[in-house]
Amino acid sequence: MGRPDPEEGQLPAPVKPPDGGWGWIVLLGCFVITGFSYAFPKAVSVYFKELMKDFHVGYSDTAWISSIMLAMLYGTGPVCSIMVNQFGCRPVMLIGGLLASAGMILASFTTNIIELYLTAGVLTGLGMALNFQPSLIMLGTYFDKRRPLANGLAAAGSPVFLSSLSPLGQVLLEKFGWRGGFLIMGGLLLNCCTCGAVMRPLDMGMKRKMGKAQDKYEAKEMLPIGGKSEEGISTADGTKKGKKAKKKPKKGKKLLDFSIFSNRGFIIYTISKFILVLGLFVPPILLVNYAKDTGVPDTEAAFLLSIIGFIDIFARPACGMVAGLKWVRPHVAYLFSFSMLFNGLTDICSARASNYTGLVIFCVFFGISYGMVGALQFEVLMAIVGSQKFSSAIGLVLLIEAFAVLIGPPSAGRLVDALKNYEVIFYLAGSEVVLSALFLGVASYCCLNRGKKEPPPENNPSAGGGSDTEEAESDVQEAEEHSSDNHQLAHSTDNAVVAANEEANHVAEEQSGEGGGCPAGDGEVLARDGCSADQMVERNSF
């Protein structure tokens, strides 16, 4: 089932990203996958009360279902990277869609909470992980110049699906119960298979094969028929085989490329992202309970999350458009640092909000900053490591983030239980986000800018951060050089045959002058009438 190795001498060259065309269909699929991956673990929480009644467990026990889903989404990143590098994005996404759907369908027949952990938690979480990561990889394959906008539009799937799946889950719970709701949700997850089916890989090798066949045909057409032409073609083939032998040591992708840890930009990004995740998800998790403790009614408290989601829907595409501007894109890491700083300061400034108006203002600014972070996080990673190493980079980053997800929100919940004070939690979460922003900005300026002042080596294939367009142009240039070599080889062979013919003419002229076989006045061209048959045979022998 693995991808076949290319033939010798026919190494596939990456195709320039189309930045449109079928890429818009891929973007739509990525939008749906992102929505399911981030919103589904939160939307399942509407069934928790019924699960508590049927299985006689507490809220913390049912909350582990969502936690396991998120842990699988983040923690299985390296496994997804290995599978994508081995089998490609489309097969992995099809398998992931089947696993996600099967997990929810099997969960509708469970009889205890442990079985729910294994089905809805592990199986569905693994299926969504196998869909989420390949969809981002395919998005980076189809978009280069418009990639920031594409990432922003795809990231908007999270708030859109969150605002849709939660009300839908409540309706299904009221009409069909939690078992019927799980069964229908499992059917909805089959749409992940449809999204995987549209992830058509770009044609990588057709140009190289057509160019090689054309070169060989032109070489045969340029050479005359005879022993010398066969010798010239054999020489050309021998030279091509020599080039094949030189190119043969070039290897394909590794299953998991750990060389990205030699990239200082990747190290800086990973550390800042770990610190960011410690505090990023804490405010929206505690917001509703915080509002209720300040005296806000339950309905109005729940509406605060809807405000964040509504603002988030528009903030992500808008931030993607800004990041795609020519004068902003080279500095997208600093824009990401600003968005994190904006988010952290919003948490700190709103920690002492004591009325509903203050909380609404907090939700508006938090939705803007949260959307900016969501739109830029993977765009910055793609810009740092490049599309060739993005599949390995995102897997390792998600694995590291999994530890932060398991540390941050649970620790905040324990502090709330111990201190009975939400204000301290908001200060702590905001400080962590601000720290991550400062670290990313300062480290990027000090370390990366100093590295740019040093003259980089001319040929460094392991260096990341180059755009897909530059990689494609370099491969096209290599193919053109390879094609020009073949043309020059055919031309030199043709010149050798012409030189041999001229030498034959010269020898025949000398022989005619010495032996009188042909009149000297015929000059440059051998006489057709005065030459003997032996002399003509001797000419042809050359």
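One is the number of the first residue shown, and numbering goes on along the chain from there.
Glycine is no exception: its Cβ is also placed from the backbone N, Cα and C atoms.
TrEMBL: automatically predicted annotations, no manual curation.
What TrEMBL annotates here:
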type	residues	note
COMPBIAS	468-478	compositional bias 'Acidic residues'
DOMAIN	23-448	domain 'Major facilitator superfamily (MFS) profile'
REGION	228-248	region 'Disordered'
REGION	453-542	region 'Disordered'
TRANSMEM	21-40	transmembrane segment
TRANSMEM	63-84	transmembrane segment
TRANSMEM	91-110	transmembrane segment
TRANSMEM	116-137	transmembrane segment
TRANSMEM	181-202	transmembrane segment
TRANSMEM	266-291	transmembrane segment
TRANSMEM	303-325	transmembrane segment
TRANSMEM	332-353	transmembrane segment
TRANSMEM	359-378	transmembrane segment
TRANSMEM	390-412	transmembrane segment
TRANSMEM	424-448	transmembrane segment
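In summary, the transmembrane segment (332-353) lies against the transmembrane segment (266-291): three or more C-beta pairs, each 6 or more positions apart in sequence, are under 8 Å. Ranked by the number of CB pairs under 8 Å to the transmembrane segment (116-137), the listed stretches 91-110, 181-202, 390-412, 424-448 are led by 91-110. Stretch with the most C-beta contacts under 8 angstroms to the transmembrane segment (303-325), considering only 63-84, 181-202, 266-291, 390-412, 424-448: 266-291. Long-range contacts of the transmembrane segment (63-84) within the same chain, counting only residues at least 6 positions beyond its ends with a Cβ under 8 Å from a Cβ of the stretch, are 37, 40-42, 44-45, 48, 92, 116-117, 120-122, 124-126, 128-130, 132-134, 137, 255-256, 391-392, 394-399, 401-402, 405-406. The domain 'Major facilitator superfamily (MFS) profile' (23-448) scores a mean pLDDT of 83 in the predicted structure.
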